[in-house]
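Heads up: the structure comes next, in structure tokens.
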């Protein structure tokens, strides 16, 4: 469900930009420079929808080649999502209600997403499967921040009002909630370790060896 919210919102934005939109304070930066937001929406759609299937044990087990191929695509898509978010936060003009705190949150969480994806890629190259899954879980949770923000801004806005500070804190809360849930999911996963092979007792080995000699 969370993955569908940014997809729907992004589709509406793309449909708006593909026509001849009326320029308003809310969309002027997108109309003036549409490429970053188009890259962000397209890559986020791919990342959130395809990424959801990467966490299915059945898919990983039955179609491992698909999992690996999709994973490579998602690394590029995820880095594009975070990279375009960093660019927009840095260079797009700020709209009313978007202050320094929200700017810092956007820069911090987008950077954290980049770091998580890079660490996940390094881990899988080293065949560290559990670490790879953990970092990709964190990266995916950060990528779903826009979906959670719909609820935090809606519920929190009704309780605390809609000010520059409350909007920033509620959006930061959404990313934080996703990370907390991701950490909970990571820690509750069972660790499958191969049981150590039992070595026969020293006395038993001696008896076996003696029996072989007599044979």
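For all residues, glycine too, the Cβ spot is worked out from N, Cα and C.
The feature compositional bias 'Basic residues' is assigned by TrEMBL to 191-200.
Under the heading region 'Disordered', TrEMBL lists 191-215.
Positions annotated as transmembrane segment by TrEMBL: 38-57 (among others).
Summarising the annotation, TrEMBL assigns transmembrane segment to 69-89 (among others).
If you look up TrEMBL, you'll see 101-123 (among others) marked as transmembrane segment.
Positions annotated as transmembrane segment by TrEMBL: 135-156 (among others).
Residues or ranges marked as transmembrane segment in TrEMBL: 168-186 (among others).
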Return the stretch with the most CB pairs under 8 A relative to the transmembrane segment (168-186), choosing among 38-57, 69-89, 101-123, 135-156.
135-156
Would you mind listing the long-range same-chain contacts of the transmembrane segment (101-123), meaning Cβ under 8 Å and 6+ residues beyond its ends?
75, 78-79, 81-83, 85-86, 89-90, 94, 129, 131-136, 138-139, 142-143, 145, 164-165, 167-169, 171-172, 175
